[in-house]
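Per Swiss-Prot, active site is recorded for E21, and the stated evidence type is sequence analysis. The Zn(2+) binding site annotation in Swiss-Prot covers H20, H24. Taken from Swiss-Prot, the feature domain 'PDZ' applies to 99-177. Look at Swiss-Prot and you will find 91-113, 275-297, 310-330 tagged as transmembrane segment, backed by sequence analysis.
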Amino acid sequence: MSFFNIVIAILAFGVLILIHELGHFVLAKLNDVKVEEFAIGMGPKLLGIKGKETQYSIRALPIGGYVKMLGDESKSDDPRAFNNKSSARRLSIVIAGPIMNLILAAVLFCIVGMSEGIALPTVGKISANSPAQKIGIKAGDTIVKINNYSVHTWEDISFNMALNKGEGIKLALKNNGTIKKVTLVPQYSKKEKMYLIGISPKFIDKPTIIEGAKYGTSETVTMIKTVYLSLKMMVTGKASAKDVSGPVSIIKVTGAAANAGFIRLVNFIAFISAQLGVMNLLPIPALDGGFVFLFLFQMITGKKVDDDKVGFVNTIGFALLMILMIVVTIKDVVYPINF
């Protein structure tokens with residue numbers, strides 16, 4: 001793992017943290033909440049600038065960041081305190097961070113699509129004597145479902161194919177307004193080291209800004225579905241803990257993406273940004289999603305949960321997340337990704 005990889009990874013992750021925390025910061029200001037500190041990084045402070053009422057700082061450990069608001073950890077009687085705002089206002093502040101990451105992902109995917117062209121979920125070419133040709137799939141067929149999962153991008157197809165172990169695949173194809181359903185068994189490719197059905201996508205070489213924006217949005221939706229499907233596979237035992245990547249693997253992959261070119265790096269940052277946005281929305285204590293769940297509960301039931309109890313649960317949740325980070329870091333060392 002080179003020094004270059006580490007620097008690129010820190011800079012890339014720093015951008016993701018900045019955008020995420022900026023979402024919290026802007027919504028806090030819009031809701032007239034006093035922000036005491038805006039920090040990029042955790043741990044000891046390296047640099048700091050004091051604004052009118054907010055301390056802006058860069059900290060030593062590039063593993064996160066935070067927006068410290070008056071009344072977000074302890075009660076305050078100040079009307080500008082976070083704890084004195086309505087559940088709806090607090091919800092808007094908390095959810096803004098993950099949403100900003102998803103917006104960033106969509107913008108970056110749009111840039112990638114505009115730069116490299118867009119692979120559509122439509123068949124462009126078919127390999128001779130392939131399962132696709134034998135079953136009657138034709139160029140121009142658009143794949144709308146694969147194994148009952150809706151398809152919006154070519155990556156939806158690629159993800160499902162990457163998981164295939166030689167089992168039959170159900171496809172729903174659309175052509176000229178007609179839907180056709182087929183089932184085919186993929187063939188193993190020694191070259192690609194995976195099972196394939198023998199199709200390649202139709203490309204838009206020079207997409208318009210509208211097509212690029214649509215691609216960016218669709219690609220982000222695909223990433224959201226991929227994260228939740230991956231989590232489902234982990235919970236049901238269909239995926240191994242070895243497949244979980246930690247900081248070491250992310251640094252390696254970021255470096256490899258940078259070496260492959262600027263657009264590849266942008267694509268990977270978009271991928272991580274989408275993942276960061278989705279993972280932060282999980283209803284887990286100490287994550288934004290835990291607060292989203294809490295504030296929605298309070299809005300629906302009209303009942304306020306004791307702040308001290310919330311603080312205790314979040315402290316436990318944060319400790320468990322730190323333990324998980326240590327575990328996946330150790331896993332990265334024991335089961336490293338090699339290039």
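Glycine is treated like the rest: Cβ placed from N, Cα and C.
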Mind checking which residues of the chain, 6+ beyond the ends of the transmembrane segment (91-113), have their Cβ under 8 Å from one of its Cβ atoms?
16, 19-24, 26-28, 31, 33, 69, 82, 85, 207, 211-213, 215-217, 219-220, 223-224, 263, 266-267, 269-271, 273-274, 276-278, 280-281, 288-289, 291-292, 295-296, 299
Neighbour count, 10 Å Cβ-Cβ cut-off, for H20 (Zn(2+) binding site): what number do you get?
27
Kindly report the helix/strand/coil residue split of the domain 'PDZ' (99-177) according to DSSP, in that order.
33 helix, 23 strand, 23 coil
Intrachain C-beta neighbours of H24 (Zn(2+) binding site), sequence separation six or more, cut-off 8 angstroms:
V67, I93, V94, A96, G97
Tell me which residues of the chain lie with their Cβ under 8 angstroms from that of the residue listed as 'active site', as long as they are six or more apart in sequence?
F38, A39, I40, G65, Y66, V67, G97
